[in-house]
Structure formats: structure tokens, C-alpha cells
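Novice: Before we start, here is the structure in question, set down as C-alpha cells.
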Amino acid sequence: MKRLFIKTYGCQMNVYDSARMAELLAPIGYAPAETADEADMVILNTCHIREKAAEKVYSELGKLKQIKTAKAQEGTRMILAVAGCVAQAEGQEIISRQPAVDIVVGPQSYQRLPEMIAKISRGTGHELETDFPAEDKFDSLPAHKSAEGPTAFLTVQEGCDKFCTFCVVPYTRGAEFSRPVEQILAEAKGLCDSDVRELTLLGQNVNAFNGKGLDGEPWSLAKLLYALADVPGLDRLRYVTSHPRDMGEDLITAHKDLEMLMPYLHLPVQAGSDRILQAMNRGHTAADYLRLIDRIRAARPDMAMSGDFIVGFPGESDKDFEDTLALVKTVGYAQAYSFKYSPRPGTPAAALTTQVPEEVKDERLQRLQALLTAQQTDFNVAMVGRTVKVLFENPGRKEGQAIGRSPYLQPVFAEGAVGHIGKIVEVRIEEAMTNSLRGVLVHQAQSEKALAD
Ligand code: SAH
Ligand code: SF4
Ligand code: F3S
């Protein structure tokens, strides 16, 4: 038996792909390893979105090279593979920078891994695969069947045709592609048979989903959600990440109709200034975005909003940045991610001569994050005293404690809940922190009260 260690960086689509690779390699004799030291093969599933993310890969490869050399001295061979978006973006360059790497494989070619491993095992060369093959990787990869707990990711869409001027994703993941509905439903049913209660549908532009429906016509994400709502055993649905331009009327209506569609929406806007939004090629204005949020909240008044922001895009003035702060104040986010603009090789914005100095980016990021953190704390504090349904997922740090998620995706922990892992239980929220909530099980509070009476 051989051992496989996969280290995953970046977005949830990489998390999903890593699980697929593990399932693909199990039949050829690779069992999971806990660390790189005990592994015969290591895969780094990488992210290229910002410079820091990409550079991390090379420092990790340096460490792995030492392990590989030590193993070679003991007479064992370790195969080192780089997968994911750095593999796609940098290809051969990775092997030039770190010759200890045996395999470089882009996100659309994982089905080729067994063949690449076989070739490496026979010889000493390198294997490189960064084409966008005509065959669909989902047809060739094993379905996601063994979830680790009551929640699972399910990739339904991949790639991006939007070409925001700062972003590498259209180059690393290729054109927008949606999986057929039949394949998605089969995978969802399999997951729910193995006790999954909550599914998060994944896509770089998940709401641009237009996969082949059961009737042969393209189906929207809304139509897919209604079909998934009937899968036996499934209680909760989420989807991520959405683009404002693809937020169709039927999807908004689905939030009104489907109780099991959770009231949390990640809808990145990136900036609040129309000048910057245009330079980013986002295809919408700040007012368009705000109108959209009004419509969403009309359909689902308790919708918790989340987003992504970039500060210091080339040419961003103080006034532009103030517009971002103003937009954030108008929306009121439950949670959000914010980043300093990072110039990415080959993207149009990287070539602009109006780059913003690092210290200005730092200062803006601090101000934006202070505002977003305050909003997140307010959102959490407003939960105190309320009863929410929590799907418990994992044991907590303390004996008997368990951690789960509220409908609004907040982590909630409760004492004495460990027996409820995998179930949805009512919890009364007693305390709010910035990143989590503490609550008590409602039935437990009731029986304690009965005892006291
Ligand atoms: N498809 C999603 C986001 C994918 S990338 C969408 O369109 O919203 C995740 C986030 O990383 C982006 O929303 C953006 O905020 C950030 N990001 C992407 N490229 C970046 C760059 N060059 N510098 C800084 N942040 C970036
Ligand atoms: Fe990147 Fe824009 Fe596509 Fe999102 S929509 S993945 S930010 S290019
Ligand atoms: Fe990173 Fe690629 Fe995801 S660049 S964010 S791993 S799509």
C-alpha cells in the first residue's frame, strides 16, 4: 500500500478537486497519509489568485524537496506533483524553478493522473499536462460519494468568461462550463445516501450555471435548486460564488420559495466606485448592485450578505475608496473578505501605470476591514436571545461540546451537543463573538428549567 498526501490552497473548488483526486488514486493503491513525511506521493493543489498565494507554493516545494532527498537516500521514491491554478498558469516554469517536481497538472486534466504516475514510476523524466482537454474531467473522475460529515461541496460549474481585469481565473480555469443536471442529481443522491444533510453547490460563477437539464434544455441555477430540493434526506442548500450580473429573477424567487435554500449570499462587488468598477470590467455599477440587493431582500428579508473587496486597484483615488466604504455602509454585510490588489502576470490591470503605493493599500485595507469587522460583530450580536436551527458538524474543543452552522453560516458552539452531530437542532444564542456564537440546546434549556421549577 502506498500513501498519498494532498495539501490544498485557495478556494473551495480546489478542496472539492483534492477529494476527487484522492478518490481517483485510491484504486491504484494510494491510501491517505496524515503528513508529507509519511507519503510516497505529495500533491500541492495550488492557488494563483494573489502573489502571496503563488509564492507559498515555492517555499513549500523547497521543504518537500528535502523530504524527497532524505527518502531517496533511504532508497524510497517520493513523487512530487503540483496541481491547481499555479500549475495551469506557470506550467514548465515550475519544473525550472524546482526540478524536484515530477508532475505538473492543470485543473482540467486530473483524470490523467494515474497515467502520469505510471510514466513517472517507470522513468525519471517529468510529466506536464496543462491543456484544456476536449473531454470533460467530470465524466472521467469518480463521483464524490464519501463525505466526511453532514455537509459536502458539489461542483456544478467551473471556469469564467467574465475577464475582470485583475483576475487570473479565466486563464487558469478556462471558459465557463456547467455539468449536466443528471450527473449533479446522481452525485447529490449518493451524498445524501451517505448521510449528507447540507450541500454547497460550487462554481467560479455558480449562478451562471446553464447545464443540460433533464428535458435536454439548458437549466438555470434556480431550476437546478428546485430539483435538488426534492433529493431525499437533503435539508439545506447553499451555493457559492455568484456574480451580480448573473443574479436572475428566477434565482431571487427561489430564495422566496425554497425554505431549505439558506439565507446567506456571497455576492462580491469588489469596489463601490463606478469608475473603478468599469476599469475592473465588472459590467455593473454600484447603483445596479444596490438595486439588486434591494430585490433580494424583498424576496428574503433576513438574507445575510457577504462579499469580496479589492482595495488599491490601479488608479483608485481617495474618493473612489470612500465610495467603497459608503457602499459597505449601505449594504451592511454579515461577513466579507477584503484584499489588497495584487498585480497578476498577464492580466490587463497589471500593465497599468497607475499602481497604488503599498502603504496606501495597507491603510485602506485596515479602514475597510475595521468597518467590515464592526458590521460582522453587529450582525452576530443581533442574534443573542434568538433561537436558530444549527446543523452540528464536529466535536468542539471542550468535552461534550459540538460546533455547527446557523442558517446564516455563522459557526455556533453548544455544550452537550456532541450527540447531535449530523442533526439540525434548535439552539438559543447566549453570546456573540466576532467570528462565532455560543448557544444552548433549546430542549436542554427547557428540561433544566423544568427541573428547577
Ligand atoms: N468568481 C468570484 C471570485 C473569484 S476570486 C467572483 O467573481 O466574485 C476570489 C476573490 O479574490 C475575488 O472576488 C477578488 O476579490 C479577489 N481577487 C481576485 N484577483 C485578485 C487580485 N489580483 N488581487 C487581489 N484580490 C484579488
Ligand atoms: Fe475572476 Fe471576475 Fe471571473 Fe470572478 S468574475 S472569477 S473575479 S474574472
Ligand atoms: Fe485560487 Fe484557482 Fe481558486 S486561483 S481561488 S484556486 S480558482
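Placement of Cβ uses the backbone N, Cα and C atoms for every residue, glycine included.
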Novice: Since TrEMBL lists Cys47, Cys85 for [4Fe-4S] cluster 1, which candidate among Cys11, Cys160 does it give for that site as well?
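Specialist: Site partner of Cys47, Cys85 for [4Fe-4S] cluster 1, according to TrEMBL: Cys11.
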Novice: From Cys11, Cys47, Cys85, Cys160, Cys164, Cys167, which binding-site residues have a C-beta atom under 6 Å away from some atom of ligand 3?
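Specialist: The qualifying binding-site residues are Cys11, Cys47, Cys85.
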Novice: When the number of other CB atoms within 10 A of each residue's CB is tallied over all shown chains, which of the binding-site residues Cys11, Cys85, Cys160, Cys164, Cys167 has the maximum?
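Specialist: Of the binding-site residues Cys11, Cys85, Cys160, Cys164, Cys167, the most buried by Cβ count within 10 Å is Cys85.
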Novice: Taking ligand 2 as the reference and 6 angstroms as the Cβ limit (strictly under), which binding-site residues among Cys47, Cys85, Cys167 are close?
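Specialist: Once distances to ligand 2 are taken from each Cβ, Cys167 fall under 6 Å.
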Novice: Out of Cys160, Cys164, Cys167, which of these binding-site residues is nearest Cys47 ([4Fe-4S] cluster 1 binding site) by C-alpha distance?
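Specialist: Minimum Cα distance from Cys47 ([4Fe-4S] cluster 1 binding site) across Cys160, Cys164, Cys167 lands on Cys167.
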Novice: What's the CA-CA gap between Cys160 ([4Fe-4S] cluster 2 binding site) and Cys11 ([4Fe-4S] cluster 1 binding site) in angstrom, rounded?
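Specialist: About 14 Å separate the Cα atoms of these two residues.
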Novice: Once the DSSP letters are reduced so that anything not helix or strand counts as coil, what is Cys160 ([4Fe-4S] cluster 2 binding site)?
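Specialist: In the DSSP reduction, Cys160 ([4Fe-4S] cluster 2 binding site) maps to coil.
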Novice: Tally every other Cβ atom lying within 10 Å of the Cβ atom of Cys47 ([4Fe-4S] cluster 1 binding site).
Specialist: 22
Novice: Of Cys47, Cys85, Cys167, which binding-site residues come close to ligand 1, meaning Cβ under 6 Å from one of its atoms?
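Specialist: Passing the 6 Å Cβ check against ligand 1: Cys167.
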